[in-house]
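Per TrEMBL, the feature active site, proton acceptor maps to ASP34. Residues annotated as active site, proton donor in TrEMBL: ASP174. Residues annotated as substrate binding site in TrEMBL: SER7, HIS65, GLY141, PHE142, GLY143, GLY144, ASP174, GLY175, GLY176, GLY196, SER197. Per TrEMBL, divalent metal cation binding site is recorded for HIS32, ASP34, HIS65, ASP174.
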Amino acid sequence: MIKIAPSILSADFAHLADEVKRVTDAGADYIHIDVMDGTYVPNITLGSPVVKSLRKASKGVFDVHLMVEHPETQIEAFAEAGADIITFHIEAAKHSHRIVQQIKAAGCKAGIALNPGTSLAMIEELLQDLDMVLIMTVNPGFGGQKFIESQLEKIHMLRHTIQDMGFDCDIEVDGGINEETSRLVRQAGANVLVAGSAIYGAENIEEAIKKIRG
Ligand code: DX5
Ligand code: ZN
């Protein structure tokens, strides 16, 4: 089952609740919320108060992607604000195992994100505890970047490992996903597809979601 997670990074921030409703009505499975702190990545986007406000306006599954240093300081705030899934970057974490447990204790599903330059070996010891692995198919920080093809092999290897070990773990991809690249990542084994510009930039959002789903 393929799940589509529109990234509100490409939405109109002046009308966020409407923008969330627009993709939900068009068939989105998750709402992908990109949190950037201006340090781990150059931009600053939004924090837990915004998620809290959106929570009142939407029953959707909130997929929070933390691109922040010291993610352990943000978990409870986002969980209380209404996050369903919280994903942090392995490159930003000192005690990754502890943070995974912290996310679960806060009542959320736990994910770990890997940048294009980060090896799968970094999460080998954590995979059995994870609900999701996010393979970045661009370097994080901006929407609208070009898909990095070399990540397909990583997705493929991860799908094999998850299958061989019998783990219950989703593979999410994020960055440069459109109608064409979605086919490649689905074939490689990804089952949760994030798309920002390809969905919010489309004239017909429902059609765009259908095409990305395949
Ligand atoms: C990038 C973000 C993505 C971004 C994707 O750092 O994590 O979620 O919004 O945007 P597109 O789909 O336009 O590459
Ligand atoms: Zn993201």
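Including glycine, each Cβ sits where the backbone N, Cα and C put it.
Bear in mind that TrEMBL entries carry predicted annotations, made automatically and left uncurated.
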Binding residues SER7, HIS65, GLY141, PHE142, GLY143, GLY144, ASP174, GLY175, GLY176, GLY196, SER197 (substrate) - maximum C-alpha distance in whole Å: 17
8 Å Cβ shell about SER7, HIS65, GLY141, PHE142, GLY143, GLY144, ASP174, GLY175, GLY176, GLY196, SER197 centroid, substrate site members excluded: LEU9, SER10, ASP34, VAL138, PRO140, GLN145, VAL194
For GLY176 (substrate binding site), the number of other Cβ atoms found within 10 Å of its own Cβ: 25
Helix, strand or coil at GLY176 (substrate binding site) [DSSP, three-state]: coil
Close-lying recorded positions around ligand 2 among ASP34, GLY141, GLY176, where CB distance stays under 6 Å: ASP34
Spatial neighbours, same chain, of SER7 (substrate binding site) - Cβ under 8 Å, 6+ residues apart: HIS32, ILE33, ASP34, GLY143, ASP174, VAL194, ALA195, GLY196, ILE199, TYR200
Neighbour count (Cβ, 10 Å) for ASP174 (active site, proton donor): 26
Divalent metal cation site shell beyond HIS32, ASP34, HIS65, ASP174, criterion: Cβ within 8 Å of Cβ centroid: ALA5, SER7, LEU9, ILE33, ASP63, THR87, LEU134, VAL194, GLY196
